[in-house]
Structure formats: structure tokens, C-alpha cells
Amino acid sequence: MLDPRQKLRRNTLLALFGTIVIVQNLVPVLGNIPIGPLSITLIHITVIVAAIVLGPVQGMTVGGIWGMITFIRAFIWPTSPLAVICFTNPLISVLPRILVGTVAGYGFLWLKRHFSIRKSMVVAAMAGSMTNTLLVLGQIYLFYHNQAPRLYAVDVRQLLPYLLGVVGTNGIPEMLLAAVTVPLIATALLKVLKKHA
């Protein structure tokens, strides 16, 4: 059970993570780097750090904030042409973002019982990042492959190779970036929290 000061500190940190995600969504270069019709995201790092430092439920909350902003932006201020088509579906825009926090948070809790904290953070970060990539792209294919010729001006047979290419050009760099940065940030934050516990 957390004492009132610890609870306040954790809630303040949760609010800070939520605010960071909002800023990352509103300032393009802080959260998304547009490349062609898609964007390389940096926001998953914030969600994964929140899940590792605060826990899975808080990671899911921060992921939910990211997802809701993605969903709303698809209607009013899309980050790419693909966003208007796909991210207006909450199963693509919201659910994968929530599951980033779930996978990273619970993955870290399980992994740290079997491996070093640093290795656990690296693997949880990679798993959280790939959760976002695979669920978003997988659901784009699942929901829109029959509409691909009309929506994307591509042959439906080319959609799957295209999406697999995005895994390589976007998903792998996002995963590697998370594997490097998440342990650095999360370790520093955990030290601060432990010091003030």
C-alpha cells in the first residue's frame, strides 16, 4: 500500500506522462516523423516507460490517451493520408496503443523475475513496440485489404508486401529505438522514485 505522498508522486508522474503524450501528438517532430504515407512514431517510448516505471494499468492509461488523440486527430488533423482512412477505426487507433502498455508493463513484471532489470526493460520495450506495429498494420490489412484498390490505389496483392515493408522500414527502427532509450529513461526514473520512497 502506498502512503499518500507516494501515491501523489505516482499520480503526478502519470499526469506528466499523459501530458508528454499530448505534446508529442501536437508537435509533429516530438511524436511522429512523417515518411511517405506513414509516420515513424516516438510516442510508444513514453507509453512503454510509463508501463515499466508505474505499472501496466498506468501504461494502459497513457496508451489510451495516445490512442484517443490518434483517433480524434484522424478526423480533424491527420498525420498522414493513411490516418484519415484507417485511424478513424478505434480498433486500429486506440486498442493497439492500450495494448502497448499492457504488453510492456506485464511483460516487464514477468521478465524481471527471471532476468536482470536491464534485460527485462530491453525485451519489454521491444515487445511493446512490436505490439503497436503488428497490431496496427495487421488490422489495417484485416479491415481494409478488400478496399485496397480503391483506398490506396494499389493492387490488393501488393498491400501485404507493402505493409510487411513498413514493418521493416518503420517497425524495426521504432523497436530498436525503444530498446535503447526505454532502459535509459526508465532506470533514471526508477532511481528517483526509489530515492524518494
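Numbering starts at 1 and runs along the chain as it is shown here.
Cβ coordinates come from backbone N, Cα and C, glycine included.
Whatever TrEMBL says is automated annotation, not expert-curated.
Here's what TrEMBL has on this protein:
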- 12-31: transmembrane segment (TRANSMEM)
- 37-57: transmembrane segment (TRANSMEM)
- 64-85: transmembrane segment (TRANSMEM)
- 91-111: transmembrane segment (TRANSMEM)
- 123-144: transmembrane segment (TRANSMEM)
- 175-193: transmembrane segment (TRANSMEM)
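Simply put, out of 12-31, 64-85, 91-111, 175-193, 91-111 has the most Cβ pairs sitting under 8 Å from the transmembrane segment (37-57). Only residues 6 or more beyond the boundaries of the transmembrane segment (175-193), in the same chain, are considered here, and those with a CB under 8 A from a CB of the stretch are 9-10, 13, 42, 44-45, 48-49, 52-53, 117-118, 121-122, 124-126, 128-130, 133. Across 12-31, 64-85, 123-144, stretch 123-144 shows the highest tally of CB pairs under 8 A with the transmembrane segment (91-111).
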